[in-house]
Amino acid sequence: MTTVLVTGGAGFIATHTDIELLNKGYDVISVDNYGNSSPVALERVEQITGKPVKRYDGDVRDEALMERVFAENNIDWVIHFAGLKAVGESVAKPIEYYDNNLYSTLVLLKVMKKHNVKKIIFSSSATVYGTPKELPITEETPTGGTTNPYGTSKLFQEQILRDVHVADPSWTIVLLRYFNPVGAHESGLLGEDPKGIPANLTPYVAKVAVGELKEVQVYGDDYDTPDGTGVRDYIHVVDLAKGHVAVIDHIDKEGVFVYNLGTGHGYSVLEVIKAYEKAAGHPIPYAIKPRRPGDIAACYADASKAEKELGWKAELTIDDMAASSLNWQTKNPNGFRDAE
């Protein structure tokens, strides 16, 4: 039986990945401090799959805790999701972002090395490409020139992982660069549950659609894009989750492997709002605001390498993303808090 340690295992992308792993017959162990998530999410994973998740409640930066996790379990793979993830907040709180994101990775790698566990999938991001010179973005597109500490922290973590492989080529390191994960589990039991006002577009649009917030804030309508609003490659979180399972199923050799996980198609902010209007059956009010610091005009993937090497491709559409996200929001207006 393959055992997978999922750091930040109660998070948005992680819980959807937990489900795909459990459904494939893998054992899942979660370490999470619930800084931006809820233990209820793991209960929902168990409810959906009918299988247990072994929980360790705590911080990946706690070396004694991580030592215990590795001593008590026979871990085959690690998927490292744990970290802070809001672009705007990272600009305001760079020290916290570097401390949390880099230190957690260093502690994790130190303990993995000690216990001779050398297979890791790292939850990276398209932000490592900075402002891309050309689109679509391939895995060969230069990285660097990141526009915010969140993206820079992901780039630094990628470099740390590459250096670990240089020092010891017996490691298997997979860098998955996510584009913009959205949507929710079809059951309506799991979805994105940001604490406070959502920093990401789609949970914000969903809250406006159900009348919880007044209007969508559209940051900038003067970008060099077809309708002036920012264009991103939105990918359904369930497709993204399946990408992680595809890695474990397909990669059985040492090395550093890099994959973009996106749909290959960019949608503007206004197109996303239209998809939510279609799902909700009514107009969604929005207001144009100034651009946000650290944002870029457009970003979308060429994900053909993942299809060729992992047999993976995104299958769900922007309409699926909007409908599932609204279903989650309608059934859980307060996220997981009602069940806590």
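Even glycines carry a Cβ here, placed using N, Cα and C.
Site annotation for substrate in Swiss-Prot covers Tyr150, Asn180, Asn200, Leu201, Gln217, Val218, Tyr219, Arg232, Arg292, Pro293, Gly294, Asp295, and the matching candidate from Ser124, Ser125, Ser170 is Ser125. Annotated pair Leu201 (substrate binding site) and Asn100 (NAD(+) binding site), C-alpha to C-alpha distance, rounded: 24 Å. Note on the binding-site residues Asn33, Ser125, Asn180: the fewest other CB atoms within 10 A surround the CB of Asn33. Summarising the environment of Val218 (substrate binding site), the number of other Cβ atoms within 10 Å of its Cβ, over all protein chains shown, is 19.
Val60 (NAD(+) binding site) and Val218 (substrate binding site) are 35 Å apart (CA-CA, integer value).
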